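Going by Swiss-Prot, these are the annotated features:
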{"type": "BINDING", "residues": "Arg13, Gly40, Glu61, Arg72, Lys85, Leu109, Asp129, Asn130, Phe131, Pro132, Thr133", "note": "ATP binding site"}
{"type": "BINDING", "residues": "Cys175, Cys178, Cys249, Cys252", "note": "Zn(2+) binding site"}
Amino acid sequence: MRWTKEELDRYHRQMILPQVGPEGQERLKRASVVVVGAGGLGVPVLQYLVAAGVGRVGVVEMDRVEVSNLHRQVLYTTEDVGEPKALVAQKRLQALNPLVRVEAYPVRLTSENALEILRPYDLVVDASDNFPTRYLVNDAAVLLGKPLVFGAIYQFDGQVAVFHHPTLHGEMGPCYRCLFPKPPPPGAVPSCAEAGVFGVLPAVVGSLMAAEALKVLLGIGKPLAGHLLLYDALEASFRKLTVRRNPRCPVCGDEPTQRELVDYEAFCGLR
């Protein structure tokens, strides 16, 4: 593949890595990723995927920018308050790297539109902040046969995993439901608005999520398939747990019983 001077100048320090090279950079250029959520976690994921040269990146986010977002969602500014996050993110990301294509979906992801929105992309990233969306994104990714990079944060703690992707041993790794078959009771886990979040935590966890996404796209290293990575910002410590696919999982098991998307608000006991 022939590279333009702008591409070589922009990606040179990534392309000289032996694990990437021109072939890996071409893989990124041809790849597509959709990120569900353009908040604390989604912002660093989007920034690093776009900067790395992933050819097509989708942004799914229904919320508008709020002042309370700005201590951790550094893609947005005070002037953006009240504007749709997806559209602001699209504009800023396109300015960051005009060589890639950024697609905005300023809508709520639902059982009715999830398959249509996620289907065109190679990889799905779940940067959402609520349980109905997490189960929805997981189930949609499994039904579509897409790998899923997952992240979550709470106060000073973060989690990262790669779901529905082969492990180093060759078997298919677990999905989100294999780890969490049932959601917690409504109100049992406070939101960031209720419990708070350390401002830099989303940047750390989101960057780890971006790294996992790039590893999967490039086919390098050891993606977190079959593992759950735990980060404690107060202790500056990491733990990596081994997790396995549940052969009886209703979505990704040997004989799945759920072959379509459901009402996830009802599934999570929210109505």
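Glycine too: its Cβ is placed from the backbone N, Cα and C atoms.
Everything Swiss-Prot records as a feature, shown here on the structure.
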| residue | record | contacts (Cβ under 8 Å, 6+ apart) |
| --- | --- | --- |
| Arg13 | ATP binding site | none |
| Glu61 | ATP binding site | Val36, Gly37, Ala38, Gly39, Gly42, Pro84, Lys85, Ala86, Ala89, Tyr105, Pro106 |
| Asp129 | ATP binding site | Gly37, Gly39, Gly40, Leu41, Ser191, Cys192 |
| Phe131 | ATP binding site | Pro183, Pro184, Val189, Cys268 |
| Thr133 | ATP binding site | Val36, Gly37, Leu109, Asp126, Tyr264 |
| Cys175 | Zn(2+) binding site | Asn138, Ala141, Val142, Leu148, Phe163, His164, Arg245, Cys249, Val251, Cys252 |
| Cys178 | Zn(2+) binding site | Val243, Arg244, Arg245, Asn246, Cys249, Cys252 |
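For the binding-site residues listed here (Cys249, Cys252), the lowest count of other CB atoms within 10 A around the CB belongs to Cys249. Lys85 (ATP binding site) is surrounded by 26 other CB atoms, counting those within 10 A of its CB over all protein chains shown.
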